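Worksheet: the structure to be examined is printed underneath.
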Amino acid sequence: MIQKNEIYQIRIEDMTTEGDGIGKVDGYPLFVKGALTGDLAEVKVIKAKKTYGYGRLVRLLEPSAFRVTPECEAAGPCGGCQLQAMSYEEQLRFKENKVRNNLLRIGKLEEVPMLPIIGMEDPFRYRNKAQFPIGTDKEGNPVAGFYAGRTHSIIPVRDCLLGVKENQKILDVILGFMKEYGVTAYEEEKGTGLVRHVLIRYGFRTGEIMVCIVLNGKRLPHGEVLVDRLRKIDGMTSISLNVNQKRTNVILGTEMVYLWGAEFITDFIGDVEFRISPLSFYQVNPVQTRKLYEKALEFAGLTGGETVWDLYCGIGTISLFLAQKAGKVYGVEIVPEAIEDARINAKINGIGNAEFFVGKAEEVLPAYYERNGGTADVVVVDPPRKGCDRAVLDTIARMKVGRVVYVSCDSATLARDVGYMREYGYQVERMQGCDMFPFTVHVETVCLLCRK
Ligand code: SAH
């Protein structure tokens, strides 16, 4: 019988999809945070359930062949990355397996037509967006950082190795300003204090920078001083406030106050130019996004005259990519500001064959079909982690759409939806993983489903 607080010596045999190691004591599985497949370790049992338990890594006796020394100093406590100690090659293998296993187990596929995962040449500093929570340290100084795993205490890190170097410069200016003018940081437990988060976006191609400060209030005292300092930073293009007075984990509120410069920044994916507002979704890894969209375009198999729907289209990134090769593209997105951006993006790129609708995909597509009937050659979906609503999938099947290109950031919900579409006679033709988020357990995929 496994005892809590006892220490056992175990070999890690496998990993969970969340990146925790799994090892066994006489057949009883223990989940161990920070342990890698191949590690031989002393593990202290911190929780013992009937059929499995949780252990804490006490001592590494024999490190796994996949172990590397993390480059980031906050790798242990910071909850942002889970795979800092795993070699990049092994991360890619881990992600490919995760996708395959989900499709086998949840999607009930007999075989997965997987293409080799697309990795990054340089897996650092790939993020064009960072959202730093702001807090106060023990000495009363404002700090910026990231949440420790599964908690809301802030680990001070101003230079995250996944983000751009500019982040640190910007945070130094903001924290210095807060200290000098006694501007308070938000306190989550009490709901008091002013500055909650700093959102920074950076255009990789254009070098344009957006800073948006999220406030538990509507006004930033001495805001003009901060603006004056921030605008001196090379590339600064847009400075704004976001009002979020709700006691919630959601970072951004809905109200914007623009302080200086443009209300957006511009960036490119391939040859398509995009205007990005603070509230709009935009893919965080532009290098990999381009490769992913090229795959999606290839899977769509367009020849020039097709009718295509792009559901969950955000600011129209995929839509406009596809429009270059399609007859007509319809985009659907729930955030009105994103659709405003999508329409402008179509215009600035001289794309006249894309039309956009604000609303829920599960309402807009069925309503359109009820009214107009017809079909589409290709439907692209790129839903948030929870996957597609059944009404979307039902309508796609009723429209007898020939090809469905499913872009997904969560292969578990993708597998669920794929399983559902198989009942309608759709078959998985190709499955591609793309590593958009090195050092985290997340993996982006694009899947081609064809109607039989
Ligand atoms: N395809 C875009 C965005 C993908 S992210 C890109 O690659 O950039 C998912 C998007 O779905 C977000 O923009 C989100 O606002 C939107 N969304 C979430 N729920 C939705 C729903 N029910 N109907 C339509 N869009 C939705």
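Cβ atoms are placed via backbone N, Cα and C, with glycine included.
According to TrEMBL, the feature domain 'TRAM' maps to 1-59. If you look up TrEMBL, you'll see Q283, Y312, E333, D382 marked as S-adenosyl-L-methionine binding site. Taken from TrEMBL, the feature active site applies to C409. As annotated by TrEMBL, active site, nucleophile applies to C409.
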To the nearest whole angstrom, what is the C-alpha distance linking the residue listed as 'active site' and D382 (S-adenosyl-L-methionine binding site)? 8
Given that the record lists Q283, Y312, E333, D382 as binding S-adenosyl-L-methionine, what is the largest C-alpha to C-alpha distance among them, in Å? 15
List the residues in the vicinity of the S-adenosyl-L-methionine site, defined as same-chain residues other than Q283, Y312, E333, D382 with C-beta within 8 angstroms of the site's C-beta centre. F281, D310, C313, G314, T317, I318, P383, V407
Would you identify which of the recorded positions Y312, E333, C409 has the most other C-beta atoms lying within 10 angstroms of its C-beta? E333
Name the secondary structure element type, per DSSP in three states, that contains E333 (S-adenosyl-L-methionine binding site). strand
So how many of the residues in the domain 'TRAM' (1-59) end up helix, strand or coil by DSSP? 0 helix, 35 strand, 24 coil
Just jot down the residues in the same chain as D382 (S-adenosyl-L-methionine binding site), at least 6 apart in sequence, with C-beta under 8 A of its C-beta; none if empty. D310, L311, Y312, C313, G314, I318, V407, S408
So Q283 (S-adenosyl-L-methionine binding site), by the Cβ count within 10 Å over all chains shown, scores 22
